[in-house]
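Just dropping this structure here.
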Amino acid sequence: MKLKKLSAPVLLLLPAFVVLAAVIVLPLVFSFYSSFTPFRLTKPESLWIFVGLRNYIAVLSNWDFWIAFGRTVLLLTIALNTEMLLGLGLALLVDKATHGQRLLRTVMMFPMMFSPVLVGFQFKFMFNDNIGFVNNALQSLGLTDRAIPWLIDGNLALVSIIIAEVWSSTAVFAILILAGLLAMPKDPVEAAHVDGCTPWQTFRYVTWPYLMPFAFIAMTIRSLDVARAYDIVKIMTDGGPAKRTELLWTLIGRTAYADARMGMANAMAYVAILLSIVFTVYFFRKLAAARQQIGAEW
């Protein structure tokens, strides 16, 4: 009887499982297998040549890979901290607004509505040397007498990418932290005011510990997004100039499609995933320790 009762749900779920297997499981199995082969798109027969761990050894000894990994970690660190600070400031300002709070919340969400491809093109034209809005504005204000090579200079190009990332995703932090502010009970804040706490002390010991879980969720979402950043970088700089903005996934994409070395690219991808997991675990342990410390002080 139980088998008959379960048969209908199983049959209803079967198409979903088939689609998941076709779209997710089979490509994963294929990519994992091909990472142990010298598979090239221009040589299909190379898919059947097994080379063991040769690709993985080559990846671990490839300085371009480690430089791209370090640059990805740098981008992740700067972008996440900047987004959290700006998002916290925006959330506090919107929470203090007495009129038009709904309108402000809607406006705050606008950057999230743009696709990364559109954001990449938008900032690529804004930072253009000759016709870019940024250079024209700086020259009109007399802050510079020449065009700044935002996307040509290696350091400035990375800064431009960080600005684009921060603009497009600060709203994630702002919305989640604002949700925490709106859900926060007023009694602890009022008690802190009665006890003579300054605004900073009230924020440091009362408001921020309550908001930490919301910021933690936003940090989790954004760390996964930034760690696999591709669209904005590909469009704005394509990893240039001279690979100075090459990140992990742009390097993997170039290896797979421009160089046609699909086996090596898949090995890079799996090493990148393992490194991302290790870094994420370490990162969140540090965050959890900081949260416990703040909670203990509170």
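Placement of Cβ uses the backbone N, Cα and C atoms for every residue, glycine included.
Here's the feature list from TrEMBL:
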TRANSMEM  12-35  transmembrane segment
TRANSMEM  47-67  transmembrane segment
TRANSMEM  73-94  transmembrane segment
TRANSMEM  106-127  transmembrane segment
TRANSMEM  156-184  transmembrane segment
TRANSMEM  205-224  transmembrane segment
TRANSMEM  267-284  transmembrane segment
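Help me understand the surroundings of these features in the structure.
Packing against the transmembrane segment (47-67) from elsewhere in the chain are residues 34-39, 243, 246, 248, 251, 263-264, 266-268, 270-271: each is 6 or more residues past its ends and has a CB under 8 Å from a CB in it.
For the transmembrane segment (106-127), the list of distant contacts is 90, 94, 133-135, 150-151, 160, 163-164, 167-172, 174-175, 231-236: same-chain residues at least six beyond its ends, Cβ to Cβ under 8 Å.
For the transmembrane segment (156-184), the list of distant contacts is 71, 74-75, 78-79, 82-84, 86-88, 90-92, 94-95, 105, 108-112, 114, 116, 119-120, 122-123, 127, 148-150, 207, 210-211, 213-215, 217-218, 221-222, 225-226, 229, 232-233, 236-237, 240-241, 244-245: same-chain residues at least six beyond its ends, Cβ to Cβ under 8 Å.
Same-chain neighbours of the transmembrane segment (267-284): 31-32, 35-36, 55-56, 58-60, 65, 69, 73, 220, 223, 227, 248-249, 251-252, 255, counting only residues six or more beyond its ends whose CB sits under 8 Å from a CB of the stretch.
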Determine which residues of the chain contact the transmembrane segment (73-94) at the Cβ level, with the cut-off under 8 Å and only residues 6 or more beyond its ends counted.
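Beyond its ends, the transmembrane segment (73-94) has Cβ neighbours at 101, 104-105, 108, 158, 161-162, 165-166, 169-178, 180-181, 211, 215, 218-219, 222-223, 226-227, 229, 247, 279.
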